[in-house]
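S.K.: From Swiss-Prot, for reference:
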- Ser171: active site, nucleophile (ACT_SITE)
- Ala58, Gly59, Ala60, Asp61, Lys62, Thr82, Asn135, Asn168, Lys213, Gly241, Gly264, Gly293, Tyr314, Ser315: FMN binding site (BINDING)
- Lys62, Asn107, Arg108, Asn109, Gly110, Phe111, Asn168, Asn173, Asn242, Thr243: substrate binding site (BINDING)
Amino acid sequence: MYSLIRKCLFSMDAETAHNFSIQALKLAGKLPINVLPMPLNPVEVMGLQFKNPIGLAAGADKNGEAIDGFGKLGFGFIEVGTVTPVAQDGNPKPRQFRILEAEGIINRNGFNNLGVDVLVENVKKAKYDGIIGINIGKNAVTPIERALDDYQICLRKVYEHADYITVNISSPNTKNLRTLQYGEALDDLLRSLKSEQESLSQKFNRYKPLVLKIAPDLTDEEIASVADGLIRHKIDGVIAGNTTLSRDPVVGLKNAEQQGGLSGKPLNTLSTRLISTLAEELNGTLPIIGSGGIHSVASGQEKIDAGASLLQVYSAMIYQGLALIQNLAKHIQVR
């Protein structure tokens with residue numbers, strides 16, 4: 001069945017196919033039946049109860065338009081965004097490219113979204129009863145020196161409506177964003193956002209975990225530095241990781257020369273290395289959410305065995321269809 005759907009979707013360019021899928025899932029979300037059952041494989045992470053350890057990665061539903069539709073596919077949690085303080089168009093099109101032979105995707109979207117206020121309204125309307133994370137970023141026009149302002153604006157606006165909040169400082173498609181992963185810039189950001197989290201938890205009388213999303217391109221030394229910052233500032237979790245700038249796994253393939261972040265199956269080895277190195281440095285002090293390149297139960301389990309407590313998928317679903325979510329949710333064994 002999915003082979004027919006995929007043939008139809010792949011006859012369109014990647015972004016048109018994505019937008020079509022979001023509209024279809026919005027419609028599915030309004031139907032009174034589940035498309036697929038919610039597999040029960042419960043796990044507790046960051047003080048939150050997940051019905052199963054498989055989540056939708058950020059970037060799939062940037063504006064929270066199709067939460068209920070995605071929820072009917074069997075995800076134990078859904079992360080929406082990345083969202084910015086005000087709406088922005090992102091980078092010029094075309095900006096999404098399939099690497100068919102490798103089951104990969106390159107994107108240079110640049111945080112295209114309708115703004116945090118629209119996302120919050122969509123989250124408020126959603127009926128999905130799983131865990132919802134909201135992924136926040138900065139506007140392209142905001143100087144990197146003022147990035148904290150954007151993250152604070154978003155954190156304040158989404159806090160009441162999220163189960164957890166992810167701080168995205170690792171997209172390669174927003175100028176200088178990845179510099180926030182290093183040294184004093186990271187220290188200042190984490191310190192300020194942790195303070196904001198504490199204030200908001202008192203205001204709303206509920207603690208919402210704060211998660212950092214990092215790049216798979218960090219060196220071992222840089223991973224150790226990030227881990228140290230996460231521990232010192234008592235950040236609640238880390239997503240390992242975002243898309244990669246490396247083209248080593250897809251060299252010579254059609255579209256491999258396109259600029260942007262590479263996701264999908266080619267990212268698998270790099271993201272598992274990131275999880276493994278991070279797990280060594282963190283030594284169990286905070287949980288890791290594994291993301292990047294998961295395309296089978298074996299590749300997902302590999303990330304759990306490397307140190308992840310939860311998993312996120314997106315690109316592989318485009319190539320393989322909905323059965324992948326069901327298989328992962330049923331068969332992944334969290335240690």
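Cβ from N, Cα, C; glycine included.
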S.K.: Restricting to the chain of Tyr314 (FMN binding site) and a gap of 6 or more, list residues whose Cβ falls under 8 Å of its Cβ, or answer none.
M.R.: Leu56, Ala57, Gly59, Ala60, Ser263
S.K.: Beyond the listed site residues Lys62, Asn107, Arg108, Asn109, Gly110, Phe111, Asn168, Asn173, Asn242, Thr243, identify every same-chain residue whose Cβ lies within 8 Å of the center of their Cβ atoms for the substrate site.
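M.R.: Here the nearby residues are Gly59, Thr82, Gly90, Ser171, Pro172, Thr174, Gly260, Gly261.
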S.K.: Between Ala58 (FMN binding site) and Arg108 (substrate binding site), what C-alpha distance do you get in Å?
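M.R.: It is 14 Å, counting Cα to Cα.
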S.K.: Using C-alpha atoms, which one of the binding-site residues Gly110, Asn168, Asn242 comes nearest to Asn135 (FMN binding site)?
M.R.: Asn168
S.K.: Count the other Cβ atoms sitting within 10 Å of the Cβ of Ala58 (FMN binding site), across every protein chain shown.
M.R.: 27
S.K.: Of Lys62, Lys213, Gly264, which is closest to Asn168 (substrate binding site) if I measure between C-alpha atoms? They're all binding-site residues.
M.R.: Lys213
S.K.: Starting from each candidate's C-beta and looking 10 angstroms out, tell me which of the binding-site residues Lys62, Arg108, Lys213 has the most other C-beta atoms.
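M.R.: That would be Lys213, with the most Cβ atoms nearby.
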S.K.: Please list residues from the chain of Asn242 (substrate binding site) whose Cβ is under 8 angstroms from its Cβ, counting only those at least six apart in sequence.
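M.R.: In sequence order, the residues whose Cβ lies under 8 Å from that of Asn242 (substrate binding site) (at least 6 apart) are Asn168, Ser170, Ser171, Pro172, Lys213, Ile214, Ala215, Pro216, Gly261, Ser291, Gly292.
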S.K.: Under 8 Å between C-beta atoms and at least six apart in sequence, can you list the same-chain neighbours of Gly264 (FMN binding site), or say none if there are none?
M.R.: Ile99, Ala102, Glu103, Gly104, Ile105, Gly293, His295, Ser315, Ala316, Ile318, Tyr319
